[in-house]
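A short write-up of the structure that comes next.
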Amino acid sequence: QQCARNEQCKLSLSCSEEVCYQFLFPAEAVGNTCGGNSTNVIGKPLCLDVHGPFNYGIYQWALPVVSSNSVAVKILYPIFWGLMSLSTFGNDLEPTSHWLEVMFSICIVLAGLMLFTLLIGNIQVFLHAVMAKKRKMQLRCRDMEWWMKRRQLPSRLRQRVRHYERQKWATLGGEDEMELIKDLPEGLRRDIKRFLCLDLIKKVPLFHNLNELILDNICDRVKPLVFSKDEKIIREGDPVQRMVFVVRGRIKRIQSLSKGVVATSLIESGGFLGDELLSWCLRRPFIDRLPASSATFVCVEPLEAFSLDSNHLKYITDHFRYKFANERLKRTARYYSSNWRTWAAVNIQLGWRRYRTRTRGPMISAAENGNSSDRRLLQYAAMFMSIRPHDHLE
């Protein structure tokens, strides 16, 4: 429109009248479009000048796009203009008195304010979601510290409580998964537990040969457990109330064989404890009294596991007794049973020592012979005290 008002306008997007600007680069690089003897100048149409006769208003940003032949500039420069206008809420826009231009500027300002409000709102929601769990943990720790101080617990017990809380937070993230899904429909809850627990349960050798129906019932009844380092899971002689299957970590098994003789072993990932409970469930006639633990189990390192309570295990073994009475499953349970493995290891070790004593007997001196007699008495005592497990696996 501005060029059409000029009689000398012969270009479609610019005016024929030019203004010369002097630059610091040689004339050979840009050419001399203004004529004359000047060599360090470049020409620009007068109608595309910001300070020219036409008031461009907010559209002065479009001049570099119109005057450039680069496709990258034509794409990137409008994007840059839009982002800067929205991020500054249109503060850099200086519209003319034309009503459409004013309305466009108002829309830009409102859009910038709306996007900024949404951004701040989403950030606030995100921070609230992140800090809510942390705040919950801080409140729980504060209440726990207040309670321990009021009850005057010794420092050792306080330290164990702190270790457990940190381990539980690091493992479960402050949420009880089973508590979240307990109110869901039974079918949906079972499918979720199957997704969460099936791969872990299949890592247990005792469950390798079970069919999908039994595994689904086990998944529906297991509970996740977390133990901190040096915590006792169960003591020797205590009633066994659940079977514990190790997912991550190691457990030390300590069993007293005789006075001063202790057998120790390690249970690693894939192992389990509480095999007395499996024997208790399959024994006939059934006895209501829970079996006693044959050893003490202590966590060597932070432990992640899942448990199966006695009532749930009894339900599964009763309902699927045809599978748990299988001889192959009995042999597998006996092989992985810490109680049977300890008994076998003690007997193998005593047998080997008796063999070594018998074969090397003539070579032992009198002093050593006295010591060997005492040692033999301890061996026999250990052998008689290491009672063979009597259960359904025998």
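Each residue, glycine too, has its Cβ placed from N, Cα and C.
Bear in mind that TrEMBL entries carry predicted annotations, made automatically and left uncurated.
Listed in TrEMBL:
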- 206-316: domain 'Cyclic nucleotide-binding' (DOMAIN)
- 71-90: transmembrane segment (TRANSMEM)
- 102-130: transmembrane segment (TRANSMEM)
Subject >> DSSP-assigned states of the domain 'Cyclic nucleotide-binding' (206-316) in counts, ordered helix, strand, coil >> reply: 25 helix, 45 strand, 41 coil
Original post:
Mind checking which residues reach the transmembrane segment (102-130)? Cβ under 8 Å, same chain, six or more beyond either end.
Top reply: 58, 85-90, 93, 95
**OP:** Pop the mean pLDDT for the domain 'Cyclic nucleotide-binding' (206-316) in here, whole number is fine.
**Re:** 84
